[in-house]
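Remarks on the structure that follows.
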């Protein structure tokens, strides 16, 4: 009877069988990882569309340190249809590939003071999958599925549900991110007064974003003139201006379109005009050139290592990839990009005013060497946008917020500008993928935006200044961006270690002296009683001599007791290389996490160009 009832329940409730716990997503090892303790991470698929076999893949890293608050940063790449593994392994993640087999640490990783969550979306992107007849078409469809993903992710990892949440990304993610933010705010309104927790969405970061097609399409020629790519007034320029006038007319009649073919022709023609010796301009980094059939699609060069690494069988297994997905990882999915062509969803620029007026902080940043999502277009969309009682960066009618010079480790890094919850950062000498070129500067920008305060944990600050002023929150903590600060930390650790060794040696020497004196006293008494005494170093005693015991302590034969050390000095020791396994005060070990999760489970029974 009992077995029949159990079988019936399992049949009626397949979720009892299929429900996963966090332990099922734990990454036990990562091929090619640097020596030492592995960073704490989870990865795998979460189902978001059961009817169409829709699953989103995520890769999550726990923060290495906690400053003044718990934070989670969600990172999305663009496309549409380009994998966020670009961000994980080439931009803001803790690892970079030295070759297709070896990982190295990224000095500017964003996981220093925030949990990092990379998501391949929409379905069909990267390691995510769905039935081939069920790719998404609209931005509101995408955001709805992302909410389903987050609901399940927070069920699996409830310890992060109260974190300050930031959503970051680049390029076509400039469409995704505002839509997801709006969906989160609507979800929070719907759960008010219920026992369900609201999500503490604090800010958005969009780099070289495809946000406003009107301004971005119309920025191609002005940017090309500004950078000397095309000579203004030339025959070539006039030919391109004809195409741009057609684009402008289409924009006026199709204001709610995210993508327009007539405007894409401007970029295609511009790239064709730059061909020399079978090489054309790299549209993602104008300092570089590429083959005429690619014009930047072969960039970054790290892709040569990322693709074979993510297609390795041992890596796929380590990341808990569904073995039924046999297509293998590709950076950008043409099928997803072709299907995702919003006709009903207005461009995300129309959502920004409402998000800013709700109190949400938004940061738009632009690498100055990107053509396809260049800073001229971003600056123009800001100038034209109205929010919070003003237009653009107005502080009062006719008065604009000043631009502040940003320097990093003594070198000009860019400019900052802020008004009414919106921050703009122009970053010098950076491409379409700012963190790829300048990881440490990008981390400094993130820490400023999140108001990271490391005063409670110490560490040496990065030399980062706004108009020459260094603010406390620009420090980068125990895993410093500054090379000089890192060397100082190593010297401090070495000095503290030597002090500890010296103290332990002094303590042992004192024990030896006391032992010798006591032994001598007994020998003296023995000689007085027995005249046949043979001496201290008799061969029968050689195996347990005090000197050998002392030698054993020096060579690790036995540990010096804790009382021999100054515990305060030892507690102060910290190095990212030596203590990378420590993440938070009072945190349980990975094994404890897994066993607890098993216990809890038992108790509960884009277009023609990729905007990557």
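Using N, Cα and C of the backbone, Cβ positions are placed for all residues, glycine too.
Given the structure is predicted, the values throughout are model-derived calculations rather than measurements.
Remark: residue 100 (N-linked glycosylation site) has 304, 305, 308, 309 as non-local neighbours, by Cβ distance under 8 Å and separation of at least 6 in sequence. What Swiss-Prot records for 100 (among others) is N-linked glycosylation site.
In the shown protein chains, 31 other C-beta atoms lie within 10 A of the C-beta of residue 171 (active site). Look at Swiss-Prot and you will find 171 (among others) tagged as active site.
Classification of residue 370 (active site) by DSSP places it in coil, neither helical nor stranded. Listed in sequence order, 208, 284, 285, 286, 430, 431, 432 are the same-chain residues at least 6 apart in sequence whose CB falls under 8 Å from the CB of residue 370 (active site). If you look up Swiss-Prot, you'll see 370 (among others) marked as active site, on the strength of similarity to another entry.
DSSP classifies residue 421 (N-linked glycosylation site) as coil under the three-state reduction. For 421 (among others), the entry in Swiss-Prot reads N-linked glycosylation site.
The N-linked glycosylation site annotation in Swiss-Prot covers 429 (among others) and is backed by sequence analysis. All protein chains considered, the CB of residue 429 (N-linked glycosylation site) has 16 other CB atoms within 10 Å.
The number of other Cβ atoms within 10 Å of the Cβ belonging to residue 432 (active site), over all protein chains shown, comes to 29. The DSSP secondary structure for residue 432 (active site) is coil. According to Swiss-Prot, the active site annotation covers 432 (among others), on the basis of similarity to another entry.
Annotated compositional bias 'Polar residues' per Swiss-Prot: 472-485 (among others), in sequence order.
Sequence annotations record features per position, and here Swiss-Prot assigns N-linked glycosylation site to 481 (among others) based on sequence analysis.
Annotated transmembrane segment per Swiss-Prot: 504-524, in sequence order, evidence recorded as sequence analysis.
Marked as compositional bias 'Acidic residues' by Swiss-Prot: 561-570.
What Swiss-Prot records for 597-612 (among others) is compositional bias 'Polar residues'.
Taking only the Cα positions, the spacing between residue 421 (N-linked glycosylation site) and residue 171 (active site) is 21 angstrom. Around residue 421 (N-linked glycosylation site), a 10 Å sphere centred on its CB holds 17 further CB atoms from the protein chains shown. Here the C-alpha separation of residue 429 (N-linked glycosylation site) and residue 171 (active site) works out to 17 Å.
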